[in-house]
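Annotated features, as they stand in TrEMBL:
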- 34-54: transmembrane segment (TRANSMEM)
- 75-95: transmembrane segment (TRANSMEM)
- 101-119: transmembrane segment (TRANSMEM)
- 169-193: transmembrane segment (TRANSMEM)
- 199-219: transmembrane segment (TRANSMEM)
- 231-248: transmembrane segment (TRANSMEM)
Amino acid sequence: MSDISFFSLAIIACALFLGGLVKGATGAGTPVVAVPVIAAFMDIRLAVVIMVIPNLVTNVWQQWQYRAWRLPDNFAVRFAVAGGLGAFAGSVLLTSLDADILSILLVAAVFAYIGIRIGRPDFRLPFARASQIVLPMGIVGGMLQGMAGISAPAAVSFLNAMRLERAQFISTVSTFFVAMSVVQIIALSYFGLMTPTTIGMSLAALPPLFVSMPLGAWAARKMSAKAFDRALLILLAVLSIRLLYTSVEGFLNS
């Protein structure tokens, strides 16, 4: 940590602030903004560890803020539990499957979905149908988290297809991400990566998020439903491009 200049820390703080704006507005996206910037100055594994506690805390915060907008039939709980199981399975499979190839396939699926949404802007996944497939979709998202370290493209695509209101979307996706964070903390602790030093660094990442998330939420409340839906599609595209870049890079270097 002492080798990092004040300028580098300022850049990281700005990335966290921007990630908080995106998180406050859409309910997702902090890691895709912050982790690449942190990884430019530190080891990528350390960057992932640093974001674990902020991910847990910010999602618990949003889960509580939007608790009144929970979907019926314990939809979010089923989605989250399935995601947790999938994350555990993905962590086990990580040693035997090529996560980069799987991630590239996910990116292809997400861009196909974006293409459908652009070609058929009226496309909508009915709640009854979504409720029938919530468990397998949660498992898929969780497995991708365990194998590739990112579940947002799968989770956000699924929930965006339901055309949920912003509050319902954030309530559901934050519950899902809480389950992912808990499983990740357990796994990182088991492998000895959650140390007093890394926990301290992780806690130090919280203040910029606490400042910017309310600003992002305030800005999003000024959005129309159409603008919010468009913002989610843009977020999906950015997430997928980032995942494609890291996956292709990992595949070529393997």
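Every residue gets a Cβ built from N, Cα and C, even glycine.
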* To do: Take the transmembrane segment (75-95) and find every residue of the same chain, 6 or more past its ends, with a Cβ under 8 Å from one of its Cβ atoms.
  => 127, 130-131, 134-148, 151, 155, 171-172, 175-176, 178-180, 182-184, 187
* Asked: Between the stretches 34-54, 169-193, 231-248, which one has more Cβ pairs under 8 Å with the transmembrane segment (199-219) than any other?
  -> 34-54
* Asked: In terms of Cβ proximity under 8 Å, which residues at least six beyond the ends of the transmembrane segment (169-193) contact it?
  -> 26-28, 45, 49, 52-53, 55-56, 59-60, 62-63, 65-67, 69-71, 75-77, 79-81, 83-84, 87-88, 91, 138, 141-142, 145-146, 151, 155-156, 159-160, 232
